[in-house]
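Below: one structure, written as structure tokens.
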Amino acid sequence: MALSAAEKWLWLPRNRWVSLPDVPSLRRHRECKHDTFVSPRRSLRSVRGGPVRYAAGAGREVTRLLHVKATPTGPRSRSAAVAEAFVDAFLECHPQATLDVLDLSATTLPPVGAVAVAAKKNAISGTTGSADEAMSWQQTRDLVRRFTDADHYLFSVPMWNFGIPYLLKHFIDIVTQPGLTFRLDPRHGYQGLLTGRRACVVYTSGVYTPGCPPEFGVDFQSAYLNYWLRTIGVDPVIEVALRPTDFTGSLAADLDRAREDARKAAHTI
Ligand SMILES: Cc1cc2nc3c(=O)[nH]c(=O)nc-3n(C[C@H](O)[C@H](O)[C@H](O)COP(=O)(O)O)c2cc1C
């Protein structure tokens, strides 16, 4: 049976399609490439005590975008400037979406030290551990929950010493937890648990540019982050690059192009 665009709007658990009225907000949304998918694993619930994620009356889930900012440069950030273009276009595409901004440089992340490592081992072995370990695990769980509550991700990530900034590595070390974001299968290896989610990553670098001689740097930035995202199940990962930002005479034009790429990415995510 052929489905109209309106009928394709909702894909409910167990592959049941339902029709929705042809309202203007739905017409706007159809310009985006993907239909909204209501995942069986996500039911009616609130975002950390916030608003319920189903749009009242419409019977469909509100898409939640998490923007992880991995640069401390605030309003001067190039990666954040490009990411802003993505956010604007995404919210045009998903008028009822919620945006959660996690600015890592303005967030106190729980340390991943001896207590946190012991807490992780307790969780794996099902043991209780000390009060400090229990508190540490709760902090980890809270951040994992904020991360896994998102439907899609936006990362703004400058290259720092050929890799990602340490703030982002710290975040990754907290949220990459067996049973929560991945599982390890003895035969098949790592299996991501965040399936059904997509990501856009804005990469900047001052000197490095793809194809440059190795004397000007090597990319352990996108190689690492793209691998990590796919390992935890996030796929596809759409890259938007603004490189180089410092060794260039065409930053303004490159910034415009990167913003346009970000807008296009927002329409395909
Ligand atoms: C600590 C630090 C390390 C950096 N390391 C590199 C590097 O290895 N390669 C490179 O091309 N640029 C490097 N840069 C430059 C940044 O990647 C570049 O300025 C980028 O545009 C910053 O993005 P932002 O404005 O979003 O913070 C480094 C910058 C800082 C602050």
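The count begins at 1 with the first shown residue.
Note: Cβ is positioned from N, Cα and C throughout, glycine not excepted.
Here the domain 'Flavodoxin-like fold' (64-264) returns a mean pLDDT of 97 for the predicted model. What TrEMBL records for 64-264 is domain 'Flavodoxin-like fold'.
The annotation FMN binding site is assigned in TrEMBL to Ser77, Arg78, Ser79, Met159, Trp160, Asn161, Phe162. In the three-state DSSP scheme, Arg78 (FMN binding site) falls into the helix class.
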Checklist entry - For the binding-site residues Ser77, Ser79, Asn161, which one has its C-beta crowded by the most other C-beta atoms within 10 angstroms? => result Ser79
Item to check | Tertiary neighbours of Met159 (FMN binding site) (same chain, Cβ under 8 Å, six or more apart) | outcome: Tyr203, Thr204, Ser205, Gly206, Tyr208, Gly217, Asp219, Gln221, Arg243
Next on the checklist: On a simple 10 Å Cβ count over all chains shown, which one of the binding-site residues Trp160, Phe162 is most densely packed?
Outcome noted: Trp160
